[in-house]
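Q: Pulled from TrEMBL, these are the listed features:
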REPEAT    28-61  repeat 'TPR'
REPEAT    210-243  repeat 'TPR'
REPEAT    256-289  repeat 'TPR'
Amino acid sequence: MAAAAECDVVMAATEPELLDDEEAKREAESFKEQGNAYYAKKDYNEAYNYYTKAIDMCPKNASYYGNRAATLMMLGKFREALGDAQQSVRLDDSFVRGHLREGKCHLSLGNAMAACRSFQRALELDHKNAQAQQEFKNANAVIEYEKIAETDFEKRDFRKVVFCMDRALEFAPACHRFKILKAECLAMLGRYPEAQSVASDILRMDSTNADALYVRGLCLYYEDCIEKAVQFFVQALRMAPDHEKACVACRNAKALKAKKEDGNKAFKEGNYKLAYELYTEALGIDPNNIKTNAKLYCNRGTVNSKLRKLDGAIEDCTNAVKLDDTYIKAYLRRAQWWDCSSPRLSL
């Protein structure tokens, strides 16, 4: 009798669990259907909420994660979507849509090699899948654009790098790395407002992004706002102490500022020979800083005029306007020296 009673207790405890499990599945399916309805209406936030409820009820269902990944992708949250897509294929490796979504997330984030692997897996499962075939081609195109951009950056063909990054970003719209490379090249081309805009967009999403901070600083540096530029370089180095480009730019900016100020001081004190040497040293620090170097040439031209070297003064102002054809002061001083006058240096 005792044994029979014990068995009854076990049976009573087990049956409701089975019933609860079936009820959970039905409720999860109901949540999924509601999520589908909101997704169809493009109300992705509500769709996300209902897919999440479905997952909470049945966390081992691959399709629920796949659906939520699709919703997150529509919301532009590719990194979160990637986690859901990866979970969906962990639960069911034969889930073709899961592999496609994983690949699409990798590609959108700029990881074209990982995207290729996901699309290859989808094609192994369904070799006629047109979407997988096209996305695989897209991923390989991004790999090729990256290779070309890397080569052209070394050649300092910044316009071509911008072109390649624009093409790559058509397939990888959420890739910060591509955006930063594009912004850096825009800065090198003197297209500072465009470069600043790209960097600022990234910083709005991630205020600690060292690369974006570096580009902001680079734009200010090339616009001869050196003190502000240093602040951004220092901030970038706080976020990433090993950021080599920020380190070099910060060092150059500080050196350039110091040499220019020393040259100005020597000029004010009437030590024109020393001022000439200091401006010359400053000009050797960074040939890419066009605006600052144009001012340095103009200042050195004034020093040359004080040293009665008018040919040198005219040549320096000519170099200044070659670097910055909007530099009115250099044009005026050159014209004055052609008339053998000697203006004072504006510091």
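Just so it is clear, glycine is given a Cβ too, placed from its N, Cα and C backbone atoms.
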Q: Using Cβ atoms and a strict cutoff of less than 8 Å, what residues sit near the repeat 'TPR' (256-289) while being 6 or more residues removed from its termini?
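A: For the repeat 'TPR' (256-289), the far contacts come to 188, 221-222, 224, 226-227, 230, 295-297, 299-300, 302-304, 306-307, 345, 347.
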Q: Where DSSP helix means H, G or I and strand means E or B, what are the helix, strand and coil counts for the repeat 'TPR' (28-61)?
A: 27 helix, 0 strand, 7 coil
Q: With helix taken as DSSP H, G or I, strand as E or B and everything else coil, how many residues of the repeat 'TPR' (256-289) land in each class?
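A: Going by DSSP assignments, the repeat 'TPR' (256-289) contains 25 helix, 0 strand, 9 coil.
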Q: Please list the DSSP helix, strand and coil residue counts for the repeat 'TPR' (210-243).
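A: Summed over the repeat 'TPR' (210-243), the classes give 27 helix, 0 strand, 7 coil.
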